[in-house]
């Protein structure tokens, strides 16, 4: 053994060939944490010091190759001063360069996923052989960063600037054939032939058949583009990528600028330019929020896995209530492999549900995401029925009938009498108390809430609601079924609106106050879209449905009268009374036309101004900053209350619920991370400036205590520091 560590070993194979193997002990994947980087340095030094070594093959002992850097280390690392961060980055890069500069040929055998730093390590080798099943990519832009281990330097010099810009700016994973096509790898072979192919390649390089030094040289030189080619490659790309990414995600454009800046320099100077830019990105609020979001997502998945131990397997599901929602739930279950009965009392509703499932499956077929055979299999897994005849062997029933407590209670009591004693019943409700609905049941321990978001096939979140009498097994089984459906489940405790709607309605409350203060709703939409929301509140209300919003607001006002009840008529009341229900009937805040693709397209409708005139009680001068604060303070404070009330267990779950459920701007990290980014004390002071607007703007006593003690929700420095 030439070298042996906890993450890397180097052993002799044959005829001077050595194998440098990544296999991080105690982990399911390889990643570049401090330990692995340190051992990589020692392993490279050991190879350098051994005169008998004629070539190096790099392999992985895991199913994947190397998944990238250890993101859990970023939080503390990125708090360091810029100069220290740059120095640390260059120190790490020296290890990759030392590996690249070995006086023998190097071949990497990519057996599985190689992402981020994992791919950057591969780029430092002379040759890359890839299993046909493997995937490679540089996804750093998804964290608000760009490659920092030489990716912006080596990749353009290997596959050309245009291809490298596309790979780096998109952050996408690339299949083996695509990687071969652009020259990112030198060969693609069947997985079982990977080791033999790597050995063959290294032997041919050792024998001189392949000139590894000539292969290496372009990576050490300037980028081979003249001034006109550079201008065409970089300026065009910057404009296009800026349009795609938008102003809140600076990393893709900064990556292109870095490649451009470094184009006229050799490797070492180019790496210095990359390091400076990488650190600049690491210090942005967007990067800190997106890294936090990634870590929150990991925590969420870990929590969901924790339920697996007591979850029962759902082999057969059922949905009560067909139509669009029932069809969407049936589609999602069937396409992910769980057969489902779809029951309704009306044949036309069944047909509507089947049409919805068929339309969604057809869409996947058209896009090449599904074969015709798989589509047929999924359609056959949805069995429509008008009776309870086959419900005896159903493991879980999702009730998705109209949002009316009496109707739901009647339907749930009826289905309970037609299923097995251990069958779990789950109500797809957005606002009705699960404990209230459970009063109609003989086995309330088998009952939970399972709140899907519309449209079901697109929205990643499912709220699993624990009622007063819900058993842990019922909760766990519903979480497991939601995961099986490809959703991100969050367990919340019962209260009006649960987590997402309880937080959303104070946001709409801020909007209603603005409109009543004479602020143009079109302007409000533009300001909130600029802030980062996918759509403004008026447009969102039209999409949700004015009638749905009106009903939800009344439920929330009844549940939290101290702060959500408003005796004055609002914009929602005015539109509801005028039967302007939003997209569903072609007019709400906006009017709707059908575009060329048959989708609704919003247009301004002057007639709405007359409808809104009676609910405008004053004309206030309000700045864009005020608009953001009127909207965001109530949302953030209600999220704080949900955490304090134990509706949601952790800050991570609260934030991810808002990102997955209502499109909270990801680059801001969620409501609680947004408070952290401002500073808890600063946020409390900001809220106090708007105290005259009512109870929704009042910080809780506990939040004031956090402010006084200098605490934060995620226990890290503000991203503004």
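Glycine too: its Cβ is placed from the backbone N, Cα and C atoms.
Now, the feature entries from Swiss-Prot:
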type	residues	note
ACT_SITE	451	active site, for 3-hydroxyacyl-CoA dehydrogenase activity
BINDING	297, 501, 660	substrate binding site
REGION	1-190	region 'Enoyl-CoA hydratase/isomerase'
REGION	312-721	region '3-hydroxyacyl-CoA dehydrogenase'
SITE	120	site 'Important for catalytic activity'
SITE	140	site 'Important for catalytic activity'
If you measure residue 660 (substrate binding site) to residue 120 (site 'Important for catalytic activity') at Cα, how many Å is it?
31
Which has the fewest other CB atoms in a 10 Å radius around its CB: 120, 140, 297, the listed recorded positions?
297
Let's check the environment of residue 451 (active site, for 3-hydroxyacyl-CoA dehydrogenase activity): how many other CB atoms sit within 10 Å of its CB?
24
What Cα-Cα separation, expressed in whole Å, is found between residue 140 (site 'Important for catalytic activity') and residue 297 (substrate binding site)?
16
Distance from the residue listed as 'active site, for 3-hydroxyacyl-CoA dehydrogenase activity' back to residue 297 (substrate binding site), taken between C-alpha atoms, in Å:
19
Near residue 501 (substrate binding site), which residues of its own chain have a C-beta under 8 A away, given they sit six or more steps off in sequence?
430, 431, 552, 556
PLDDT averaged over the residues of the region 'Enoyl-CoA hydratase/isomerase' (1-190):
97
Write down the Cα-Cα distance for residue 120 (site 'Important for catalytic activity') and residue 451 (active site, for 3-hydroxyacyl-CoA dehydrogenase activity), rounded and given in Å.
42
Determine the Cβ neighbour count for residue 660 (substrate binding site): the number of other Cβ atoms within 10 Å of its Cβ.
24
